[in-house]
Amino acid sequence: IRCDLQCEVNNVNHHTDLNGTDRLIVRRGQAFTLTLHLQSGQFELGVSTFSLVVETGPCANEASKTKAEFVLSESPVENSWSVVASHHDEYSLSLSISSPPNACIGRYSLSFKQNRSIPLEDFILLFNPWFWYIWCQNLSEYVLAQDGLIFRGTHKSTIPAAWNFGQFEPGILDACLRLLDENPKFLNNADRDCSKRCSPVYITRVVSAMVNCNDDKGVLTGRWDNNYKDGVSPMSWNGSVEILQDWDTMSCKPVKYGQCWVFAAVGCTGNFLMNFHCWVESWMTRPDLKSGFDGWQASDPTPQERSEGAYCCGPVPVRAIKEGELTVKYDAPFVFAEVNADEVCFIKRKDGTQEKMHFTAKVGEKISTKGVGSDKREDITHLYKYPEGSDEERKVFEKANHQNKLLKEDTEEGLNIKIKVSQEMKMGSDFDVFAVITNNTPMAKLCRLMFCARAACYNSVMGIECGSKDLLNVQLQPNEEKQIPLRVIYSKYCHAITDQNLIKLAALLIDYGTKDAILAMRDIYLENPPIKIKILGEPKANRKMAAEISLINPLSESLDDCTFCMEGANLTQGKIIREKISPVAPGQEAKVKVYFCPTKAGLRKLVVDFNSNRLRDVKGYRNVIIA
């Protein structure tokens, strides 16, 4: 017997042809066709019979639903493996095979059984979001888009960076399937693990745990101390392809290094406060929960806390987070805290006494995702939480037994302080920031103001001071407002600032009369120079093309060790193009011309990263329409 899996037709029908058409990749719950080429007289419709056998995993058996044997039938059998003859002649037989919509996903073997078992071919079975037809209008974005945007910075300055997911690049699907087979649950009990691969909830938890390497042979090693000499800075990655390829080819040795956006994108510590955090959403039904919790589920592959013994988080329904349903599986209290926590600061006086201050509106602001069909930021904060101070928010916190926010009432009575910044703060420039202090009382006040700027990481670890001011005698008349400037200059922050371009401002106002202390804090992001990408000629599939990439050095010093890195799904053949250039003087242009050959037509993203000794991890991208 010879078997033709009709890979091209089936893969197109099952929306898997972007993975190639050299092997069969189909989705569960949807029929696929194949043709058996037989010997004369081997099969006669209505007289002969046979069965097919499908198996997945090393311990396939019918009890675990990892093996199924099914005979030729006249019509498909609902919610079960079945086979129907669609056409036959003396030497060939065309079959339509249906899988149940809850079949286990993974690699399968297919056998023909008639008196004896004859191995045919292997195929891969995937989840099928098209089975739920209501989502079809957005599936080209949610499933088939090979690139996207990750938003970083601060809630006051949200910076998009393009990311090449590259899920259809060569070797990536195999790396993902290997990831499932390297997870500790499979290694401890392969039969039990494979039997649970019918559940997207289970797969999500496995992926969440395996993207980090804290307690398994996971993909990425996390690091947050700015020491990346023996690996790659998390800021330097532009996509998932090289990370997964490196992990796969290095016998599952963790890739160095990742931080939250890298963990989340590839999955596409103790508790610490982050300027931004990235996680993953997946759409699925939740038959393991009570009704009302189907839909978008949050999961977080950044290793922060253990869940059922492993460093993973979720999936948890987004609706459960908004409604304060903290008993819902999985890890609802942790995700609720990620978007609702208060920041608490303690001010310690010389006499040893402490004053506690709450900041209730700093965590969970501007929860963002890329808009469907565009590169615009879509704010989805309203899907995770009710408006700050609303009656609905109060009820949610009462339900969640979280009283901290309810004890804090915002007021501007007495002394008040806040921090204002300039409109544009660019890397390499000097700029002013301002402490705005107000006396909302009928009495004059004599105060001390301490105002400083320090380099910071996105997880709020503080670096070197890069500007400060200590005014011992600030006089404020009744109802008076004063604006105190602090000059932040490049010559001071250039050696202190990290790859993330973040500076934390803090202003502390002390009332000499009452001994009250008031604190204001703000994080600012210094904007990198824009990368310009010029497409040369008309982009066409399977024809060599070029792009000119440049940026202006905005610093007052020369840039050495300059490198441009470029990649893009279906643009650079799953590889990163690296171009080194000579030093760039202040105010001069760094420029390269790169050549690549697109492999498929459609809208693509060319993602670019620039690095040097002084200007690091500058991001840019250009949408390219390939004819």
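Numbers run from 1 along the shown chain.
Placed from the backbone N, Cα and C atoms, the Cβ positions cover glycine too.
Per TrEMBL, domain 'Transglutaminase-like' is recorded for 252-303. Taken together, the residues in the domain 'Transglutaminase-like' (252-303) have a mean pLDDT of 81 on the 0 to 100 scale.
Marked as active site by TrEMBL: C260 (among others).
DSSP classifies H277 (active site) as coil under the three-state reduction. Same-chain residues at least 6 positions away in sequence with a Cβ under 8 Å from that of H277 (active site) are, in sequence order, C260, T302, E338. According to TrEMBL, the active site annotation covers H277 (among others).
Sequence-distant contacts of D300 (active site), defined as residues of its own chain at least six apart whose C-beta falls under 8 angstroms from its C-beta, comprise S208, F263, A264, W279, V280, C313, G314, D331, F334, V335, E338. The active site annotation in TrEMBL covers D300 (among others).
Per TrEMBL, Ca(2+) binding site is recorded for N340, D342, E388, E393. According to DSSP, N340 (Ca(2+) binding site) is assigned to a helical segment.
The binding-site residues considered are E388, E393; of these, E388 has the fewest other C-beta atoms within 10 angstroms of its C-beta. Counting every protein chain shown, the number of other Cβ atoms lying within 10 Å of the Cβ of N340 (Ca(2+) binding site) is 23. C260 (active site) counts 25 other C-beta atoms within 10 Å of its own C-beta, drawing on all protein chains shown.
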